[in-house]
Each structure stands twice: as C-alpha cells, then as structure tokens.
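Report on the structure given below.
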Amino acid sequence: MRRTLIAGNWKMNGDFSANRSLLSEIKAGLPASLNCDVLVCPPAPYLAQCAELLAGTAVMWGAQDVSVHAQGAYTGEISAAMLADCGSKYVIVGHSERRAYHAESDELVAQKALHLQKSGLLPIVCVGETLEQRESGQTNQVVAAQLNAVLDVLGDMAAMVVAYEPVWAIGTGKTATPQMAQDVHQFLRQQMAARNAAVADKVQILYGGSMKPENAAELLAMPDIDGGLIGGAALKSQDFLSIIAAA
Ligand code: PEP
C-alpha cells in the first residue's frame, strides 16, 4: 500500500513573516493522526526557518531544485549536501518552470536526481506535457522520455517520487480530469514496471496542476494517484489543510 504524500511547492513566494504565519496555521490545523505524509518546499533561503518551525512536527521540508555539481566554483548554486544539511528530505527536480525558463534537459534532470540520491535525498521528478503536445497526441511519448531519461541513470528506482504535472494545468486553474490524470499515472507506472514491477508498485506518483480543495478528493481517489504536488493552494493554509484532509 502506497502512503499518500501531500507536497507544497511554494515557488518564489514568501518571506519570514508570511512563512511563520502559514506554518503556524498549518501546524495548528493538522489532524492529530495524519494518514498522509506532508511536505513543504520553500525557497532555499527559508529552509532553515522551516527546520526551526517544523522541528518535532509531522511536516517535512524540502527544496525546489538542486545543483548538478557537488561543490566548488558554481556561483549561485546550492548543492545536495547543503540541502541535506538543512534537514531536507525531498527535493523537486525537473519542474516544468525550470525546464522552460532554465532550459533544463531530461539528461540534466536525471543527473540532478542521481546527485540527490547519492546525498541520501529523495528526488521528486516532475514530468508533464504541454497543451500542444497533448493536443497532438504526444502525451505518453513525452512523459515516457522524461521519466526514462531519469530511470536510465538512477541507481535506485525505489528512492524517488514521480510527479505528473501537465504543463497546461499548472497555475492555470485548469485541472486534468481524474481519469485523464489516472491514465497517465498508470502509464508511468507501467514504464517503471517494465524495469522492476515490484518496485514500480511502491513508487509514489503525485499529481500536480491546479490541485485544490474542490478537486483533491476525486483526484486522490484514483488508484495510481498517490498524492499531490501543490503550488498555489499550498500558500493558503486552509486550502492546504483541506487537501491534507482529503488525502
Ligand atoms: C506546481 O507548480 O507544481 C503546481 C502544481 O502549481 P499549481 O498547483 O499552482 O497549479
């Protein structure tokens, strides 16, 4: 049985004061016994703040990206070891915004995922098609190429999470229907099963793309949807808590 993971991607939002309020509202609203894992991914400068405010709670924290290098003269980069040092457990890689605005290739994403695993961190590998690719029937081909590039280099398929995030659904208010999302999730699991069926059965596949309180329960009820990677709704405590409650 796969445990549900509800992960908030704060993107480039927040400050010390807003983060403090958001986290204290989330902590106060969490049910006493959680039946899912909860993760927040703040901008890197606030990881230490999350570590301080979330220590001793059930809420985990992680990062939104990582350098592909281990250390050295890479101005502006943040290494996997540094993220681990800040208590991160998971790190998002290959988000469509990084692929689009920073020209991240499937190969680079794969190297980042490998680098995270070597530092004991769990990559959340994002895959997803654009609207144009969906409309021209290329969804499976695109997500398979994105996922397989990572699986080809990863040592351990068990130590990763996949997030299916159709690009056309991110921050747009448009959500894939539960069946559309399920079809892609099932396809992604089949891609992993072709390598190792037992492990594929255990890998969490999150859905991301305008997940909100109104659609979370339906999406999370699908057999291959094991959680959510949530952008906008993760910045509103009541919405994030409602999604956690739906899990
Ligand atoms: C995301 O960017 O990971 C995301 C899913 O954003 P939103 O929930 O705002 O669509």
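Cβ coordinates are placed from backbone N, Cα and C, and glycine is handled just like the others.
The active site, electrophile annotation in TrEMBL covers His95. A 10 Å cutoff on Cβ-Cβ distances gives His95 (active site, electrophile) a total of 27 other Cβ atoms nearby, all chains included.
Taken from TrEMBL, the feature active site, proton acceptor covers Glu165. The DSSP secondary structure for Glu165 (active site, proton acceptor) is coil.
According to TrEMBL, the substrate binding site annotation covers Asn9, Trp10, Lys11, Gly171, Ser210, Gly231, Gly232. Residue environment of Lys11 (substrate binding site) contains 18 other Cβ atoms, counted within 10 Å of its Cβ in all protein chains.
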Neighbours of Asn9, Trp10, Lys11, Gly171, Ser210, Gly231, Gly232 excl. site residues, C-beta within 8 Å of centre, substrate: Ile170, Ile230, Ala233, Ala234, Leu235
Those residues of the chain, 6+ apart, with a Cβ under 8 Å from that of Gly231 (substrate binding site): Gly8, Asn9, Lys11, Ile170, Gly171, Gly208
Number of Cβ atoms other than its own within 10 Å, given for Gly232 (substrate binding site): 19
When distances run from the Cα of His95 (active site, electrophile) to each of the recorded positions Trp10, Glu165, Gly232, the nearest one: Glu165
In sequence order, those binding-site residues of Asn9, Trp10, Gly232 whose CB lies under 6 Å from ligand 1: Asn9, Gly232
Cα-Cα distance linking Trp10 (substrate binding site) and Glu165 (active site, proton acceptor), given in Å to the nearest integer: 15
